[in-house]
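What follows is a short report on a single structure.
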């Protein structure tokens, strides 16, 4: 199953609102086929693994990280192909977290006389589809926040200078994180001040995530890289149908008008629109107020804090997280599943603020308990 997980990760950043899934076919104790879901609308992992098989499939075993689908979507049901190819046994990591289909694929396989075993490396298999799980349960994208800050929590000096606080290896890893995201989200001040590319060029990736800009007054500079070179990958949220919106659309950008009351962009509206655009993984890069806005709203699911061993100081230097914040320490957002890594002299602290893995594991246990062939 660990091999299946490694295969699944190859699809990260390419499957849009579909889950990342990996599968292998085993016969006589040997892997004879491997596959993963390589892109939205492409064949699912099980199909790819069976197509890759170097021997006849009849009587073989299929291992897959996620319950095979039993419904028509962009592709036909995987369970039908499994049955047609006379697979003998199917080993499933976790069940599909979508309440509309949970367990249906398993039931269909059992009805066809296939031995089904549910619940292998559940924690690991569940961890690679937390984004998908949030999407089907809460109908909004999975938000990951990246912060690059000094030891005293600053992301820029009092003059606004910020290049570069962290090391080149830290920035290279950020480009990798962009490459496995559907979109990179920033506030308009970041665009106008830094003129960023928000791509993954440092790792030579051909993945070019969408660039999402929160811009209430549509003050975006029309001479930036995003509004020109990457305008066809640009998505802007603003509060009114300003004249500039027409020009942005003519350049290929998408402009969404948030008609809710107040000066700030409604993040529920943003989430709804992004999911409709098949954007599931959103990588938030700033600035301070944008980070604070999303944290205050409870939208951030995972964080990556890159901390450089530098002290900037100054009460007017920009802090990493703005927004309204909390009044009492007991209400502070506390990370779960914390990991710490080193990048040259920098320290990376990562962890989760929201956990969807536990839901999948518990759901898998329920299905396993009612499955006559469950382990």
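Going from the start of the chain as shown, residues are counted 1 onward.
The backbone N, Cα and C atoms fix where each Cβ goes, glycine too.
Any TrEMBL annotation is an automated prediction that lacks curation.
As written in TrEMBL, here are the features:
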- 46: active site, proton donor (ACT_SITE)
- 44, 69, 78: Zn(2+) binding site (BINDING)
- 148, 164, 190, 194: NADP(+) binding site (BINDING)
- 162, 178, 198, 201, 285: substrate binding site (BINDING)
- 1-117: domain 'CMP/dCMP-type deaminase' (DOMAIN)
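Locations of recorded TrEMBL features on the structure.
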residue: 44; record: Zn(2+) binding site; DSSP class: coil
residue: 78; record: Zn(2+) binding site; DSSP class: helix
residue: 162; record: substrate binding site; DSSP class: coil
residue: 178; record: substrate binding site; DSSP class: helix
residue: 190; record: NADP(+) binding site; DSSP class: helix
residue: 198; record: substrate binding site; DSSP class: coil
residue: 285; record: substrate binding site; DSSP class: strand
(message) What does the structure give for the C-alpha distance between residue 178 (substrate binding site) and residue 190 (NADP(+) binding site)? Integer Å is fine.
(response) 16
(message) Just to be sure I understand the packing, how many Cβ atoms besides its own are within 10 Å of the Cβ of residue 201 (substrate binding site)?
(response) 11
(request) Taking the Cβ of residue 198 (substrate binding site) as the reference point, list residues of the same chain whose Cβ is under 8 angstroms away and which are at least six residues distant in sequence. (result) 178, 184, 186, 209, 211, 226, 230, 285
(request) Could you tell me the mean pLDDT over the domain 'CMP/dCMP-type deaminase' (1-117), as a whole number? (result) 94
(request) Would you list, in sequence order, the residues of this chain other than 148, 164, 190, 194 that have their CB within 8 A of the centroid of the site's CB atoms, where the site is the one recorded for NADP(+)? (result) 155, 156, 162, 163, 165, 196, 285, 286
(request) For residue 148 (NADP(+) binding site), list the number of other Cβ atoms lying within 10 Å of its Cβ atom. (result) 23
(request) Can you figure out which of 44, 46, 162, 201 (the recorded positions) comes closest in space to residue 194 (NADP(+) binding site), comparing Cα atoms? (result) 162
(message) Quick check for you: of the recorded positions 46, 190, 201, which have their Cα within 10 Å of the Cα of residue 78 (Zn(2+) binding site)?
(response) 46
(request) With H, G and I counted as helix, E and B as strand and the rest as coil, say where DSSP puts residue 148 (NADP(+) binding site). (result) strand
(request) Specify all same-chain residues, apart from the site residues 44, 69, 78, whose Cβ lies within 8 angstroms of the center of the Cβ atoms of the Zn(2+) site, ordered by sequence. (result) 21, 45, 46, 47, 68, 75, 77, 79, 81, 105
